[in-house]
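**Student:** I'd like to ask some things about the structure below.
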Amino acid sequence: MKKRILLLAGGQSGEHEVSLSSARSVLKALPQDVFEVTPLVISKEGRWLESGASRLALEAGHAETGGDLVLSGAQRANDFDVVFPLLHGPMGEDGTVQGLLTLAGLPFVGSGVLGSAVSMDKVMAKSVLAAHGVPQVAYRLVLRGEWRQTPEAVVAQARELGFPLFVKPANLGSSVGISKARSEEELTPALDLAFSLDRRVILEAMTSGKPRELEVGVLGNDAPTASVVGELRFGADFYDYHTKYTEGEATMHIPAPVPRAVSERIRELALTAFKALDCAGLARVDFFYVEATGELYLNEVNTMPGFTTTSMYPKLWEASGLGYAELVTRLVELALEAR
Ligand code: ADP
Ligand code: MG
Ligand code: MG
């Protein structure tokens, strides 16, 4: 019997289109004699499209409207053996969809409710990782109500961290809503922008100078393994949305040209983080490395990283000896494994 896989893609976040291109790659790669894959596209409004409309949306690369309410969509999901929620950002990577699938009794690829939700929230993840001794930049949590009622107290917290600092919505990705505030004057617009997207905002001290950005793939459930380490290089001031999604703005270097001690430490920290956050299946763990000072910080854990054939996560595994189709097959196996 072929395994019937429901591939969820699209979704309500700013990474809707990225998710659809990842899904097209997965659909092509899964061996058809072993798997029967049905794509189900979630529109930007959060509705679940019928199979015909899903295939069309997949080709078009986006779905604005149309489709069923989530609950009737979930009912349809019951006809499948495994769900692959290839969704990025809020309402997909943050535990919401994982909760729905858990309620429906469906096995799915990737982290469960806890691992997804905690990893998605940059502040919550940092608190957990700090308890496990993982090195991170200094940070402060600010709530929208605090910014409205006592802005001077928020500015005081920023001063403690020092400028420049990064201002980020706690629960987004793809650099959406992130600013580098170079001075107190730049802080207000940065906070206004971040609070227009999230109730929770993180202020982060900047590394001493522009860091090198190193990433590693983790694969497995309770006994995960780490891939080789890769590096992203770009000319921009930081890895913003434009740099991430404009062809030719950034290059990938695998394996990253760093001393062996650094890549080994990164792989070890990534596995510690994966376990501490209760991740499952897969995660891409991102680091900052400042060569001049030897600073190495864990930046973030992405529980559903970009997954096109040219994305960092699959490329890291390819360089570690696991090709794209084998990787996807392994993820399905991990989803079906009893934990
Ligand atoms: P996202 O989840 O949207 O990818 P990140 O926290 O990874 O958000 O931040 C996006 C980018 O901003 C990073 O890849 C890096 O280029 C830059 N950046 C973020 N925080 C810092 C920091 N504390 N110091 C230096 N650069 C940072
Ligand atoms: Mg992220
Ligand atoms: Mg990032």
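These residue numbers are counts, starting from 1, taken along the chain as shown.
Glycine residues also receive a Cβ, built from the backbone N, Cα and C atoms like all the rest.
In case it helps, TrEMBL gives these features for our protein:
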- GLU15: active site (ACT_SITE)
- SER174: active site (ACT_SITE)
- SER311: active site (ACT_SITE)
- LYS122, 166-168, 174-175, 204-213, 299-300: ATP binding site (BINDING)
- ASP286, GLU300: Mg(2+) 1 binding site (BINDING)
- GLU300, ASN302: Mg(2+) 2 binding site (BINDING)
- 126-333: domain 'ATP-grasp' (DOMAIN)
**Student:** Would you count the other C-beta atoms found within 10 angstroms of the C-beta of GLU15 (active site) for me?
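**Tutor:** GLU15 (active site): 25 neighbouring Cβ atoms within 10 Å.
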**Student:** Out of these binding-site residues, LYS122, LYS168, LYS210, which one has the fewest other C-beta atoms within 10 Å of its own C-beta?
**Tutor:** LYS210
**Student:** Which binding-site residues out of GLU204, THR207, GLU213, GLU300, ASN302 lie by ligand 2, going by a Cβ under 6 Å?
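**Tutor:** So the answer is GLU300, ASN302.
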**Student:** Determine the recorded positions, out of GLU15, LYS122, GLU213, lying near ligand 3 in the sense that the CB is under 6 Å from one of its atoms, and give them in sequence order.
**Tutor:** none
**Student:** Which one is closest to GLU15 (active site) in space, judged by CA to CA distance, out of the recorded positions LYS122, THR207, GLU213, GLU300, SER311?
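**Tutor:** In terms of Cα distance, GLU15 (active site) lies closest to SER311.
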**Student:** Filter the recorded positions LYS168, SER174, GLU213, ASN302 down to those whose C-alpha lies within 10 angstroms of the C-alpha of ASP286 (Mg(2+) 1 binding site); answer none if the list is empty.
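**Tutor:** Taking LYS168, SER174, GLU213, ASN302 one by one, the ones whose Cα falls within 10 Å of ASP286 (Mg(2+) 1 binding site) are GLU213, ASN302.
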**Student:** Measuring Cα to Cα, how many angstrom lie between GLU213 (ATP binding site) and GLU300 (Mg(2+) 1 binding site)?
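**Tutor:** One finds 11 Å between the Cα atoms of these residues.
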**Student:** Among the recorded positions SER174, GLU204, SER311, whose Cα is within 10 A of the Cα of GLU300 (Mg(2+) 1 binding site)?
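**Tutor:** Near GLU300 (Mg(2+) 1 binding site) by Cα: none of them.
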**Student:** Quick one: average pLDDT across the domain 'ATP-grasp' (126-333), no decimals.
**Tutor:** 97
**Student:** With the Cβ atom as the reference point and anything under 6 Å counting, tell me which of the recorded positions (GLU15, SER174, LYS210) are near ligand 1.
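**Tutor:** Among GLU15, SER174, LYS210, near ligand 1: SER174.
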**Student:** About how far apart, in whole Å, are the alpha carbons (Cα) of LYS210 (ATP binding site) and SER311 (active site)?
**Tutor:** 23
**Student:** Other than its own, how many Cβ atoms are within 10 Å of the Cβ belonging to ASN302 (Mg(2+) 2 binding site)?
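**Tutor:** Result for ASN302 (Mg(2+) 2 binding site): 22 neighbouring Cβ atoms inside 10 Å.
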**Student:** Going by C-alpha positions, which of the binding-site residues (LYS122, THR207, ASN302) is nearest SER174 (active site)?
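**Tutor:** Result: the closest of the binding-site residues to SER174 (active site) is ASN302.
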**Student:** Are there any residues at least 6 positions away along the chain from SER311 (active site) with a Cβ closer than 8 Å to its Cβ? List them or say none.
**Tutor:** SER22, PRO305
